Amino acid sequence: MRTGDGLPIPHPPGDGESPRTNRSQLADHGQRHDEPPPPGDGDIGPPPPRNTPTTEPRNPRSRDSLKIATLNMRGRNSYLQGFRQEKWFHIYRVVNSYKVAVLAIQEAHLTDELAVNINTAFETKILVYHSPLPETRNAAGVAFVINKGLLNAEKVTYEEIIPGRAIIAKIKWHGDATIKILNIYAPNDTAENEAFWDKLRDATTRKPEWKPDILLGDFNVVEDSLDRLPCHPDNAGAVAALGKLKSHLNLIDGWRRTHPDKREYSHTQSSNTSQSRIDRIYITNELLAPATDWKIDPPPLIETDHWLVSTNVTTPEAPEIGRGRWQIPTYLLENETVMNDLNTLGRKTLDKIETNKYRRTNTVNPQTIYASFKTDLVETCRKHAKVIHPTITNKIAKLKKKLISMNNNDNIDDDDKLLESVVIKTEILELERILFESNRVYAKTKNHVHAETICRDWIRTN
């Protein structure tokens, strides 16, 4: 087993490294450091010092919900506006913006040297582990990107099943739970695709510990003609081989089970604009029930013909959590007009409470007045949010709804769908790039203004 940089996982300090107790800790218990500790009740001695570190390692990022995603990045370089750009240095933005804990990458085209450079550049942010094709670094290749802000990367181990095509990650999850995620990039050739599934089934039969809880990646084959535009069935042999692997691993296509009749596509063929849902996430029955938010989203700043496919996976033991209460968006609190309206509403509420101080009734009293104030405050904020909400975000949301509606409209001809969907997807990607660039400039400006000022942003950075 290896960590992302190929080194063995370090062990926590043993019991031989006892914590040090300083004078301030002794002073907290009301005694001088040169006096013997006074006996407590039953002569059991004083209580232990505060803030004493435990010898048992603790995972500060133990979460019962993880966002898992897959993306075919179509190689490491892009040529935008005539300049070569390294896609890998944009991966952190994708992971951070979508709050992805584990991102499976296909067509990574990574070298050991570049992997080291990425892990060094984003040392506190992400950890990359990759598996290249033995014969070439400029084709295929799979990789895992671990978000260190959401997972303890030192608790993740990896094994190579098929070099450049299949790697598995074993992740220490919530409490003592572990989850195994298998990242695959299947060959495009139909005969090789069929043989790949047979090879993977043989490997997981030979080593049962390689059986995953989640199988995800670029499958280069669909099981249902509904997942292609125009609709047509795929090679029967490849589909049957994939079906045998699914049965062997007891896995289910989570997106299709959640959306039995829906049509969305994760890949657009650049040569003829045909589309398909070849990027998928398969999951066990046990994890399917609590899994939520099955999505297909555009990957901004990454020039690729694939979209990001993701889901939120929760431990089966976790309690069901709803959407929560509505919160006032933070951008409203920075708007002068909104704050003036809320101040006016608050002053009127205080005046009403003062006026009715000595005329309390069951319907008019401080409690009912305050309840009305909270209702009016939420309504006021909602009204302003509809007007102030970022225009680009609204446009993106409307375009996504339009795309889904068109793909599922049987009255529209397939050829018209192909042309129109390409136009809509292109517009969505352009808006996402603009939004990302705007957020980047905002973050850069805020960092320049606050710089070394001790504030919330400075504390988060350091």
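Placed from the backbone N, Cα and C atoms, the Cβ positions cover glycine too.
No curator has checked TrEMBL annotations; they are predicted automatically.
Here TrEMBL flags 1-65 as region 'Disordered'. According to TrEMBL, the compositional bias 'Pro residues' annotation covers 37-51. Annotated Mg(2+) binding site per TrEMBL: Asn72, Glu107, Asp218, Asn220, Asp305, His306, in sequence order. The domain 'Endonuclease/exonuclease/phosphatase' annotation in TrEMBL covers 91-305. Annotation source TrEMBL lists active site at Tyr185. Taken from TrEMBL, the feature active site, proton donor/acceptor covers Asp218. If you look up TrEMBL, you'll see Asn220 marked as site 'Transition state stabilizer'. The annotation site 'Important for catalytic activity' is assigned in TrEMBL to Asp279. Under the heading active site, proton acceptor, TrEMBL lists His306. Under the heading site 'Interaction with DNA substrate', TrEMBL lists His306.
Counting only residues at least six positions away in the same chain, the Cβ atoms of Arg74, His267, Thr268, Gln269, Ser270 sit under 8 Å from the Cβ of Asp305 (Mg(2+) binding site). Neighbouring residues of the recorded Mg(2+) site, listed in sequence order and excluding Asn72, Glu107, Asp218, Asn220, Asp305, His306, comprise Arg74, Gln106, Tyr185, His267, Ile278, Asp279, Thr304 (Cβ within 8 Å of the Cβ centroid).
Here Asp279 (site 'Important for catalytic activity') is compared against the binding-site residues Asn72, Asp218, His306, and the shortest C-alpha distance is to Asp218.
All protein chains included, Asn72 (Mg(2+) binding site) registers 27 other Cβ atoms within 10 Å of its own Cβ.
The two recorded residues, Glu107 (Mg(2+) binding site) and the residue listed as 'active site', have Cα atoms 8 Å apart. Checking the binding-site residues (Asp218, Asn220, His306) against Tyr185 (active site) with a 10 Å Cα-Cα cut-off leaves Asp218, Asn220. Least packed by the Cβ count within 10 Å, out of the recorded positions Glu107, Asp218, Asp279, is Glu107. For the recorded positions listed here (Tyr185, Asn220), the lowest count of other CB atoms within 10 A around the CB belongs to Asn220. Note on His306 (Mg(2+) binding site): other Cβ atoms within 10 Å of its Cβ, all shown chains, come to 23.
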